[in-house]
Amino acid sequence: MTLATEFHEPVRLAFIGGTGLYHLETLTPVAKLTISTPWGFPSSPITISKTKDGFPIAFLARHGPHHDLLPSDVPNRANIAALKKLGVNTIVAFSAVGSLQQHIKPRDFAVPNQVIDRTKGIRPSTFFERGFVAHAMFGEPFDPLLNKVISESCQEVLEGEGVKLHTKETEKDDLTLICMEGPAFSTRAESKLYRSWGGSLINMSCIPESKLAREAEIAYQMICMSTDYDAWNESEEPVTVETVVGNLSANSANAHRIAEKLVQVLEPKIKSGEIGLNYQHSMKFSVSTKKDGQDKRLLEKMHYLFPGYWPLQ
Ligand SMILES: CSC[C@H]1O[C@H](OP(=O)(O)O)[C@H](O)[C@@H]1O
Ligand SMILES: Nc1ncnc2[nH]cnc12
């Protein structure tokens, strides 16, 4: 089937696929969009599918359709800006992660509620710049409403498959994801340090993706698929890509099942406004730069994300 290259209806829900998840099997694309943003092109064309009720869903492959982008080279600003331009207010992002806790086994799933940023400052991590300064709140890096819906609805999908889902509720404490720079995995000493900080999971992709989604006022939650015990567990060989990919291909069917379930559950909640609006207008009053100090060229760029905010004169 030839796919449309334009799509003019607003799209509210998007999935971002990570390692091992380059499309969603349960969705049939109707359009494939190449979108240029003021921050460049996204990692991949964005495909649009529709539910039987005509609710559109976007999908983006974080590392490109052929996985040729390093975690540090993912064009996160373009990815989030392009989704925002389509009208997206809810993002569910998948990620392959290492486990920093014995009880989170390879092939388990987890819905983290906290993040520790261990990237090295080499990734562009904000839409704002000199001449237009704003600060997003990020104390809760994931949308708690979306976190709750995902945690509740994925439990039953995975139970049927004999796979454990870890959430803030099952852990009875924060479920903290460490985001490191990569591309090499951690040393054993680093891995043990992250455990001492209370880390539960580790990946290379949550930052700045989640931060930019917050700046763009989009409700965002990452779903983690555990693939290995990183390097802390001395009774196991430290993680290799082979282990990650082996466990991922065994588990990608569960990711597709989860996506299918989430589409069913999120469609009515997004339509009713129960999900997706938690951060609406949150940036409007978060700007620090006084009118006279604002760079007008930058304001025009900002209007790509926030049309109607901060009038030019
Ligand atoms: C191939 S192992 C390391 C790689 O896997 C994860 O990718 P993603 O989060 O996109 O699923 C991790 O973050 C690293 O980028
Ligand atoms: N151990 C690990 N560290 C960082 N990213 C990962 N992705 C999958 N396993 C990982």
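Cβ atoms are placed via backbone N, Cα and C, with glycine included.
Caution: TrEMBL annotation is automatic and unverified by curators.
What TrEMBL records for the phosphate site is R62, H63, S95, A96, S205, and among T19, T167, T243 the residue it adds there is T19.
Looking only at the recorded positions A96, V241, the densest Cβ neighbourhood within 10 Å occurs at A96.
Proximity to ligand 2 at the level of Cβ atoms, with a cut-off under 6 angstroms, picks out none of the binding-site residues R62, H63, S95. Only R62, S95, of the recorded positions R62, S95, S186, D228, D230, place a Cβ under 6 Å from an atom of ligand 1. For the recorded positions S186, D228, Y229, D230, V241, a Cα to Cα distance of within 10 angstroms from S95 (phosphate binding site) holds for none.
Between the CA atoms of D230 (substrate binding site) and H63 (phosphate binding site) there is a gap of 21 Å, rounded to the nearest whole number.
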